[in-house]
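K.L.:
Let me begin by handing over the structure; questions about it come next.
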Amino acid sequence: MKRLSRLRRHRAAGPILLIFALFTIGTTFQVASAVNNESTSIADRAVTIEEGKQIFLKGCSSCHGLNAEGGQIAPSLIGVGAASVDFQVATGRMPMADMSVQAMRKDPVYNAEQVHALATYVASLAPGPQVPGEELLNYERDGSVAEGGELFRTNCAMCHNFAAQGGALTQGKYAPTLMGVEPRHIYEAMVTGPQSMPVFSDKTITPEEKLSIIKWIKSAEAEPQLGGAALGRVGPVTEGLLVWTLGIGLLIGVAVWLAMKAR
Amino acid sequence: MTARERIAGNVAGYVDDRTGAAKWMKKNLTKVFPDHWSFLLGEICLYSFVILLLSGTFLTFWFDPSMREVVYEGSYEPLKGLEMSAAYASTLDISFEVRGGLLMRQIHHWAALIFMVGIVVHLMRVYFTGAFRKPREFNWIIGVGLLTLGIVEGFLGYSLPDDLLSGTGIRIAEAIIQALPLVGSYLAFFAFDGAFPGTAFIPRIYTVHVLLLPGIFLALITVHLMLVWYQKHTQFPGPGRTEKNVVGYPLMPVYMAKAGGFFFIVFGVTAFLGAVASINPIWLYGPYTPGQVSAGSQPDWYMGWLDGLVRMAPPIETHALGHTISWNILIPGLILPGIMFTGLALYPFIESWATGDKREHHLLDRPRNTPNRTAIGVMALTFTLVSLINGGNDIIATTFHLTINQMMWFSRIAIIVLPPIAFIITKRLCLSLQRADRDLVLHGRETGRLVRMPSGEFVEVHEPISAEKAWLLTSHEQLAPLELPEHDASGVRRAGLIKNKIRNRVSRAAAVAVPKATETERRELEGHH
């Protein structure tokens, strides 16, 4: 008891008690307010889903069905997840410009908020791949360029070309160029496999490897034109074109000049 | 005699006393060459070959033709730490560590493309002007040999760096070897010293690329030029030019200056391309691994038509007695090129057989005056161009928003339909141009001046063309077709009836022409104008 009373009168007792009390109150408030937040976010989410549903009914349901169950010309969206919606709509691929073989990238029809609402609505129908968070996309900090390049050449280059410039597929389908694509959309494309692209699940390519691939694509995008004009980075076709036009053109021009009679 | 002249004379005398070169030099330095821009096309090949030798030697100082596994530690960040062959790593080092290395690599590659373009345009000039006729058939065959070896040499060079693109090319070459019936698999094992890719192929093709083929090139080019020297250069017809003379300028000083200057211009154009335009950026392709392939894998243009033929071939295979014969590779990869190059090499003999013309020719033809030959040439070019276009079908499809299937079906049909159409159109065009020449000789040049006659009639005044031009338009000879009789003088049927019939038919086709204006026709018409 003597010891306790001595501590109670210690010089530091007051401040320590104060800190302790503040910490307790703070933590309690934190927990309480978090609970409160969750309940409001559930309410917000219901509103967002409703918003998304309205957009869906106006813009998407004519093809995908009133309950996203799919139809004659469009697939069911139940279980495709928020990532799929975010990729298709935020890159402007959906709504489609026309019923050609493949939806092409164009200016998006909906703004970021509307895309979020649509994605939330579709995700609410059944679980599916989520929109990746910032932590999965921090390619500037994490990932390895060289490893990403190896993975890209093994898994992606056969369609998207060695420098991610895109390439042709059968029947007019094509693998688009990856230059200027948002890291989030690259990630979502790998997870959801849009159009002709296969799904690269987290078992085939782990999230860290996906990040490395994004890091490599971004490095290819920023790569300076080493050795002169890049000629589209599509291989020898443009080189052949240049030599048959500018190259031999210059040389024949000089030959004609050399063979002219002196005046 | 000034002091300078005396010294020069002494030096020349010293050399001549020991080599006897003066007489030879005097004769050959005054040798006359005719002047025409198209006679410089072959020089483009010669000079780019010199550039290839020089830049290639530079590259061998650093290139390591080895399949030894190394870990890349150079300055190109996106490949750092990757395992690759020493061949690929040393090519990266040439590009990024060696001073001037990337420029030299690019000059070497552009020079190779220009070399092949030069060969093709030179071949076109020789073909369309009939310069291959007697006595130049051997030189034509040497030229075809140089073209063929050039394709092989270029392909080997493209394969050496062991990047993803060149490895894909080697894989296709292996498939073509394997497509040979019976011996294919064994030949492939022999070439690769076992299974693809192995470690033997790159060192082997390096020896062939830098030693064997350049040696053969040097020998063939030397013979090619010596024959030109000995047989003298052909010339275009013109006043004063005959089958017996050469009209032009002497080698020294005119052609020394022109040809010497042209060398530096060819070097300049090649260096310019090497400096401003990237070629074969192997660091983007990555190291070769058999498990990887890139979209848009193409060969260089001189192999592109072969790739195009393979790409359009329908998938046909035969399985018999435990063997597979891949017609889809065998026909476009080996049989068709074999027919094309054999036909090309034998063309001079085929033509002289068809026309029965066994005389020497030193005066060139204007392409319009030999419609059949010109049409055959355009037909062959059309065939090659369609296959070349199909070789880039994926790039064309994505660039012009076409489908690769449309491209393939277009090529499959066009490769059969377009060449004959090109033949017919070219032949008609040639005959029309002959008709225009005839009109020009007979009626003169249209002046565009309209005159009203007292009777009220309007006529356009024609101006007679110069005597030189009239001579140029009428100097060519028009051979009559062979008329090999079916029966000999005694009424007995000659041997080889079918052969003679074919020959008569071909010869008649070759002799189709608009009769050129004769002197009598010209005089007769003079009364009217």
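Easy rule for this one: first residue shown is 1, then count along the chain.
Just so you know, glycine gets a Cβ as well, placed from its N, Cα and C.
What TrEMBL says about a protein is an automatic prediction, not a curated fact.
Since the structure is predicted, the reported quantities are computational estimates derived from the model, not experimental observations.
In case it helps, TrEMBL gives these features for our protein:
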- A:Cys60, A:Cys63, A:His64: heme c 1 binding site (BINDING)
- A:Cys156, A:Cys159, A:His160: heme c 2 binding site (BINDING)
- A:47-126: domain 'Cytochrome c' (DOMAIN)
- A:143-221: domain 'Cytochrome c' (DOMAIN)
- A:241-260: transmembrane segment (TRANSMEM)
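Provide an account of the burial state, proximal residues and distances for the features listed.
P.N.:
Long-range neighbours of A:Cys63 (heme c 1 binding site) (same chain, six or more residues apart, CB within less than 8 Å of its CB): A:Gly71, A:Ile73, A:Ala74.
Non-local contacts of A:Cys156 (heme c 2 binding site) by the CB criterion (under 8 A, 6+ apart in sequence, same chain) comprise A:Ala164, A:Ile213.
Across the domain 'Cytochrome c' (A:47-126), the model assigns an average pLDDT of 92.
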K.L.:
Within the domain 'Cytochrome c' (A:47-126), how many residues are helix, strand or coil going by DSSP?
P.N.:
41 helix, 0 strand, 39 coil
K.L.:
Starting from the Cβ centroid of A:Cys60, A:Cys63, A:His64, which together make up the recorded heme c 1 site, report each further residue of the same chain whose Cβ lies within 8 Å of that point, ordered by sequence.
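P.N.:
Going along the sequence, the neighbours appear as A:Phe56, A:Gly59, A:Ser61, A:Ser62, A:Gly65, A:Ala68, A:Gly71, A:Ala74, A:Leu77, A:Pro95.
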K.L.:
With a CB cutoff of 8 A to chain B, go through the binding-site residues A:Cys63, A:Cys156, A:His160 and name the hits, or write none.
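P.N.:
Contact set vs B: A:His160.
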K.L.:
Take the C-alpha atoms of A:Cys60 (heme c 1 binding site) and A:His160 (heme c 2 binding site) and report the distance between them in angstrom, rounded.
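P.N.:
Distance between the two Cα atoms comes out at 29 Å.
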K.L.:
By DSSP, what is the split of the domain 'Cytochrome c' (A:143-221) into helix, strand and coil residues?
P.N.:
43 helix, 4 strand, 32 coil
K.L.:
Measure from the CA atom of A:His64 (heme c 1 binding site) to the CA atom of A:His160 (heme c 2 binding site) and give the result in Å, rounded to a whole number.
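P.N.:
With distance taken Cα to Cα, A:His64 (heme c 1 binding site) is 29 Å from A:His160 (heme c 2 binding site).
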K.L.:
Cα-Cα separation of A:His64 (heme c 1 binding site) and A:Cys159 (heme c 2 binding site), in Å?
P.N.:
28
